[in-house]
Amino acid sequence: MAETVQDVSEADKRHLVELVKELRRSNAVLRAETDMYERYISRLDPRDLVPQPLSDSLGAAAASQLEIGGGRGRKMKTRTTALEQLQRLTLEQKCDVAQRELDETREDLEKMKESSERVLHNYKATLEEADIRLVEVKKASYEFDRDVAKVLREKRGVMMGAEKVIRYFEDRMRAKDTLVEKLRLKNAALHVQKRKLQLQLRQKEEMGEALHEVDFQQLKIENSQYLERIDERNQDLLRLKLLAGNTLQVLNSYKKKLQSMTCESKLLSSDIASRKEMLVKIEEETLQAEEERAKAETLNRKLRGQLADFRVPHVLQYITAKASHSQLEQSVRAWERKVEISEMALKTHTKTWNKLKEAAGAGPVTAR
């Protein structure tokens, strides 16, 4: 019995899961349909969205349903059912809405495709310009290395190299300015030609000379060609201006590098001079050390000779000399003591004599 109940509950669970999945799919379909209707309504004119009166739209079916119902609840239910029937769309209306949304989606896709193509075209033009710019930079780098850097590496001249670099960049700037002026003149000539053609066209229109379709198409083609040329010249002019600005930045950076290298060269020159002075001092100290070493070697040889000629005295002679040295030291100390006693006695007698002289009225006597 328990197994049967468990099997039934498992079957109910699976059934409920399938129902939930089916409801989710139907909800997704209804959500997509609702989104489509909302997009359709958002595109409509608000004046077209004014609702019609319910009294005119209910009709005979709603009235009959209201008469049949017996009671307030049934009347409300019947009215709600009638309103729901009126608010539902027919199959033709749904197809019409879907077709319009399909057309709008195709138009949006076409617009998106056109904008994507424009963006892609802009990116391709940017890549082509970058490739042209890279080729020009490589060419300028090769010419700079050929005309300036190689000569500087060979000659190793700082001041002449700086002048050569500055002259090279000035020549490049003059060449770019000449090219920019040429393009500007050509662009002005094209603008003048365009104004002349527009003036001729206006005169023909004023004189009543009707243009044929072929002439109009030809003029249109020529106008587009001239516009393309003008755009190309403008792009060239802009690119040359950017190149001139970049060249000026490179020139400024090279000037800064040249200035830093000049300062570094001055520092190195002063460092070399101080090192040379230090080297002269070291050489002088080396010579003085050599002289002192020679003197020390002479003294060393003399002392070595004395050490070689030295003979150690006999032990009895050493003892006798030591004893006599001790006796002499004792006699010296005794005599020093006697001298100190005599000096003290002299000072005492001098003081006594001075006192006696003062008592007698004479001046004091200085001890010698």
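From the backbone N, Cα and C atoms, a Cβ is placed for every residue, glycine too.
Just so you know, TrEMBL annotations never went through curation; they're auto-generated.
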Matching range for TrEMBL feature annotation, coiled coil, among 40-67, 180-207, 320-347: 180-207
Chain residues in Cβ proximity to the coiled coil (180-207) (below 8 Å; excluding those fewer than six residues from its ends, i.e. six or more beyond): 219, 222-223, 226, 229-230, 233-234, 236-237, 240-241, 244
